[in-house]
Amino acid sequence: PALFQMSGSQPPLGRGVPCLRCRGTCAGFEPHSWRKICKSCKCSQEEHSVSSELEDDRKIGRLLADSKYSTLTARLKGGDGVRIYKRNRMIVTNPNISGKDPTFDTITYEWAPPGLAQKLAMQYMELMPKELQPVAGTAGAQQRRRRLARQLPLYDQDPAQCRGLAEGEHRLMEEFVQRYKAEALGVGEVALPGQGGGGGKDEGKPQDKSIESSQAPESTNGALESAPGAGHHRCDTCKQAVPGDCPVVYADRAGYSRQWHPACFVCCRCSEPLVDLIYFWKGGAPWCGRHYCESLRPRCAGCDEIIFSEDYQRAEGLAWHRKHFACLECETPLVGKPFTLANTSLLCTICSHSKRL
């Protein structure tokens with residue numbers, strides 16, 4: 001049987017790995033003083049995998065704590081009181097009888113949907129593209145870690161991690177986080193069509209249930225029989241019919257009349273798969289955390305943090321804290337000065353000219 005377990009502590013990663021984007025042009029992550037980039041290669045933190053698994057679990061634990069999804073978190077014995085994500089790992093052991101003496105092949109999925117029988121969990125994984133399946137030691141697991149960093153940055157939920165907040169803005173951010181936890185944050189639920197939220201009795205009506213009450217009954221979880229009336233179920237993204245014996249994703253904030261193919265449960269803005277099924281509901285669609293926050297407040301193109309001041313710099317559709325409107329190369333402040341902007345790279349005229357030579 002599959003084993004679900006909470007991840008343990010991991011050794012510190014130090015400077016992280018050489019950049020995954022520029023393929024080793026730097027020796028490892030060299031942090032900038034306030035930008036979320038490597039000082040050496042200028043690539044983002046997520047390209048260097050600088051966080052450990054324990055740090056990721058603490059981050060998601062903090063996000064889900066004080067929300068109706070807090071049942072997916074737990075306090076560590078002897079810990080510092082911070083809640084940690086009860087991330088499900090799935091360990092699958094298959095016999096290998098090709099040789100003379102039978103052996104066993106073990107596959108570890110670094111994350112799997114919670115509360116499922118192994119059969120249904122494996123069906124879910126098989127419906128995801130191979131390159132996105134979070135099998136330990138593969139590109140899929142690495143992609144999951146990068147999406148965690150990209151979609152759910154810690155500085156979007158913890159004022160203590162922000163360098164751009166001015167005096168008096170900490171409270172504004174705390175209220176911002178409290179509001180999105182109450183109004184938008186959600187965790188998708190995997191079940192067979194028609195069985196989301198306990199069997200779909202109130203199908204079509206908005207739901208607001210706790211995690212525990214929204215899971216499908218154990219007696220049907222993992223069953224392969226088609227659900228009654230399964231023919232009318234369609235994926236909310238691709239609009240294709242959903243077979244009654246294939247798992248789908250439900251979002252309780254959407255109501256249980258809507259469901260998604262596992263590969264179709266993506267952010268409506270960036271179309272990236274929603275990491276660990278964590279979504280933010282707005283305007284009738286799921287968003288990743290990054291783009292949901294940006295839909296409410298501008299994000300600084302310099303430090304990557306949400307801007308809570310009303311006095312900030314704008315240029316070509318981008319925003320900056322005024323103190324972060326500076327040259328990427330020499331850090332010269334550029335408010336009121338000439339500059340060039342290529343993608344999000346802000347340069348003074350001298351550094352821009354040097355790059356062209």
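Cβ atoms are placed via backbone N, Cα and C, with glycine included.
Unlike curated entries, TrEMBL annotations are predicted automatically.
Annotation comment: TrEMBL describes 200-211 as compositional bias 'Basic and acidic residues'.
The annotation compositional bias 'Polar residues' is assigned in TrEMBL to 212-223.
As annotated by TrEMBL, domain 'PET' applies to 90-197.
Look at TrEMBL and you will find 233-298 (among others) tagged as domain 'LIM zinc-binding'.
Mean pLDDT, taken over the domain 'LIM zinc-binding' (299-357), works out to 93 on the 0 to 100 scale. Feature annotation from TrEMBL assigns domain 'LIM zinc-binding' to 299-357 (among others).
Per TrEMBL, the feature region 'Disordered' maps to 191-228.
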- What are the DSSP helix/strand/coil residue counts across the domain 'LIM zinc-binding' (299-357)? 11 helix, 21 strand, 27 coil
- Message: Summarise the domain 'LIM zinc-binding' (233-298) as counts of helix, strand and coil residues per DSSP.
- Response: 17 helix, 18 strand, 31 coil
- Using DSSP, break the domain 'PET' (90-197) down into helix, strand and coil residues and give each count. 47 helix, 21 strand, 40 coil
